[in-house]
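S.K.: My structure is below; once you've seen it, I'll send some questions.
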Amino acid sequence: MSVLSKLMRAGEGKILRKLHRIADQVNSIEEDFADLSDAELRALTDEYKQRYADGESLDDLLPEAFATVREAAKRVLGQRHYDVQIMGGAALHMGYVAEMKTGEGKTLVGTLPAYLNALSGEGVHIVTVNDYLAERDSELMGRVHKFLGLNVGCILANQTPAQRREMYACDITYGTNNEFGFDYLRDNMAWSKDELVQRGHNFAIVDEVDSILVDEARTPLIISGPADQATKWYGDFAKLVTRLKKGEAGNTLKGIEETGDYEVDEKKRTVAIHESGVAKVEDWLGIDNLYESVNTPLVGYLNNAIKAKELFKKDKDYVVLDGEVMIVDEHTGRILAGRRYNEGMHQAIEAKEGVDIKDENQTLATITLQNFFRLYKRHDHDGKEQPGLSGMTGTAMTEAAEFHQIYKLGVVPIPTNRPMVRKDQSDLIYRTEVAKFEAVVDDIEEKHRKGQPILVGTTSVEKSEYLSQQLSKRGVQHEVLNAKQHDREATIVAQAGRKGSVTVATNMAGRGTDIKLGGNPEDLAEAELRQRGLDPEEHIEEWAAALPAALERAEQAVKAEFEEVKELGGLYVLGTERHESRRIDNQLRGRSGRQGDPGESRFYLSLGDDLMRLFKAQMVERVMSMANVPDDVPIENKMVTRAIASAQSQVETQNFETRKNVLKYDEVLNRQREVIYGERRRVLEGEDLQEQIQHFTNDTIDAYVQAETAEGFPEDWDLDRLWGAFKQLYPVKVTVEELEEAAGDRAGLTADYIAESIKDDVREQYEAREKQLGSEIMRELERRVVLSVLDRKWREHLYEMDYLQEGIGLRAMAQKDPLVEYQREGFDMFQAMMDGIKEESVGYLFNLEVQVEQQVEEVPVEDAAPSLDKGAQDAVPAQAGARPEIRAKGLDAPQRRDLHFSAPTVDGEGGVVEGEFTDGEPAQAQSDGLTRAERRKQAKGGRRRKK
């Protein structure tokens, strides 16, 4: 354990003692709540809300609130929170990451802090890793909250903005990290206050926090729209590179000549083209110099084509389905619906596979998950800020330092409810991969013969299919669970603990379903009640009454098989390869031995595994030559075991550095994002922009005058050029001659005098413009102009910042720190953008030809869509009265181009949603009591599809 980790764990005992005290407090009052009727229990929610409003803090209410939820869960779900679950709930409320082993009931733990924090009325977000879990948990755990009188919402990929707004208005909202993040970004692209769906970021509980905040933190959430790009080159280069040969790098010092046309570094995932390759490409394309500035884009196409050929392997990194290239997640082995590689990489792979090549996209809005989750802040009664983020996972201690450094989150390991008795066997290492899989199949066959349930973990779809073929040859019945079959997933996992079952799965990280020995009684009981026509949503009371008996019957059925499986040694987890991260290995192991059940785990490795090949190549070669053992005999070697551990920590450190680096660079953009989004929000909130436009005008005029009069005497100033600039800005009425006359002569002019005179003139022209258009239209024009210019400038700025970041690494060669340079230049670009926004806003305001359309009646949205609950109305911004709708050439219309969403996905399901937004009305715009804007929004929402 590193020194840093030890320091991290220094205060652990103190926190655990505090959590024990809280659990004891809750236990001491448990009986008082058991005697209450359902109605009395429900009435407590309003009482707590009132006490909070009267000045009590949430910490004061904690013991009673937890006892209330414990009693409600007992009545509605037939599950009572264990003491360790109460401790976990308290840790979450205090803003920690609670490390709870698999099968300790993390989902149930979330109900405690969610209920407590919902009492403040600010909203609680519970973040899961995929849509299936969000829906399942909001339905299952939502029963407890609904029983206590709170309303629960769930954000899913295909909802319309009106539905989303209603879900966010609920006390507790479930959803995936991507949906929460995209809604934040879309809110900051909204054209009016009525389009906003979120109501702030108060408190978030993140399930599988390590997957979301660590594994996926390197990939930002991006909303992009189409950019102009020539697609013909991708196809041409895909054909070209098939004629180039891979070779090795040369070394002039050792006199080794380079071979082939290009070299590939698998470890760094880079390629480099050799002289011979360049010559061939120039020859084939008929150009003189590939590296001339005019040919720069071609170098990018060439590099991407080589990478697509060498580094991106079909059925490992991506699959081709229905003529589309789909990325496979390296962590979970699932298909990432709709996610595309950027920088033209995806197009290069499409060209390689010969499928349709889609357009490249330009970033319109972006945020990393790290910065999104740092938005969550709670405020106590005195307005003091407290962290609003917490999370739970089975494996967090290995990343404790990272949680602390980046999110300021402490990690608390919560003890298990029953002691752990799983046997973790030592690794078996084989010389070749073929021999390893032979041994794996032998082991599976032997264990299967006696009936022990087996779960096999593989690292890629390819390997799980290879193993499946081997098992079929031996006649072993088994289930395969990988990226290609999402739908049956939960059912397969729930039954993976039955006698004689064999389940082969790509990374099981974050699958969220418990493997219970002998089968899952909850699933059986639920199926029985649904067959009888009951629904937990509609028949809350009847469901609660019928559940205990159904559960008992299901448990009896499962119990006999459970005892049998227990005798056989419980679930056997077999890993066929070590993952890059120790944490994912531990997650796989953790599927077995839950709640004190027996279990066993073992990893089979070979010296040809990716991890060993990439990080410990020389050492592997040494062992191979030393160990003169036949292929089918495992190598027992301390050195190899140590090498594996060191390779894993090497990869982890490397990934942590990458994430820290991403964050440092995004930090620069984050501060800029806060300024721009804050500005946008003020415009949307309907703040009167008159004063702001005044500031914009004054600043622009000062800048113009300053630029022209900074040097020389008044006689030297080029006032004609200055007036030319003013004329482009607004219709100038005052002339140079008038000013000279007033000042006596040219020499009497001062910069201040010119600036003041022009400002007075602008004010007059502004008032004249307002009189001509009418003040209401003028206000709407200001709003639209500022939003339109702000958005366009921010889009251009994001593009520039991307471009800057790509090349900034080269500054290191000039002995400069790339990050410092990026901060400095990024700040200069931001200043230039802000000046541009001011200047263009003023210019547009005076020079646009405005047409006023008919007045649009703004119908309060709650009338348009049936509301879940009266409480939902608070969050719906209904704008009274009518607002003029205006059109002007050069002003963005409040519709979106085709938008594309790209985000990390922990579990494939969250994927990426691709938007196709229509330009005008939906085809049937029947009069349905909605405004045009809302009908358009509904059309947008309805057309979103998952790919």
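Each residue, glycine too, has its Cβ placed from N, Cα and C.
According to Swiss-Prot, the ATP binding site annotation covers Gln85, Gly103, Glu104, Gly105, Lys106, Thr107, Asp514, on the basis of sequence analysis. Under the heading compositional bias 'Basic and acidic residues', Swiss-Prot lists 884-900. Annotation source Swiss-Prot lists compositional bias 'Basic residues' at 934-947. For 864-947, the entry in Swiss-Prot reads region 'Disordered'.
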S.K.: Among the binding-site residues listed here, Gln85, Thr107, whose Cβ has the fewest other Cβ atoms inside 10 Å?
M.R.: Thr107
S.K.: Counting other Cβ atoms within 10 Å of each Cβ, which of the binding-site residues Glu104, Asp514 scores lowest?
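M.R.: Fewest other Cβ atoms within 10 Å, among the binding-site residues Glu104, Asp514, is found for Asp514.
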S.K.: If one looks at the chain holding Lys106 (ATP binding site), which residues at least 6 apart in sequence have a CB under 8 angstroms from its CB?
M.R.: Gly88, Ala98, Met100, Asp207, Met392, Thr393, Gly394
S.K.: If I restrict to non-local contacts, at least six residues apart, and a C-beta distance under 8 angstroms, what lies near Gly105 (ATP binding site) in its own chain?
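M.R.: Non-local contacts for Gly105 (ATP binding site): Gln79, His81, Tyr82, Gln85.
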S.K.: So the record assigns Gln85, Gly103, Glu104, Gly105, Lys106, Thr107, Asp514 to ATP. If I measure every Cα pair among those residues, what is the longest distance in angstrom, as a whole number?
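M.R.: Spelled out: the longest distance between any two Cα atoms in Gln85, Gly103, Glu104, Gly105, Lys106, Thr107, Asp514 is 16 Å.
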S.K.: Near Gly103 (ATP binding site), which residues of its chain come within a Cβ-Cβ distance under 8 Å, counting only those 6 or more away in sequence?
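M.R.: In sequence order, Asp514, Gly590, Arg594, Gln595 meet the Cβ cut-off.
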S.K.: Starting from the Cβ centroid of Gln85, Gly103, Glu104, Gly105, Lys106, Thr107, Asp514, the recorded ATP site, name every other residue in that chain with its Cβ within 8 Å, sequence order please.
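M.R.: Surrounding the site, in chain order, are Met100, Thr102, Leu108, Val109.
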S.K.: Reduce the DSSP letter at Glu104 (ATP binding site) to three states and note it down.
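M.R.: Assignment for Glu104 (ATP binding site) reads coil.
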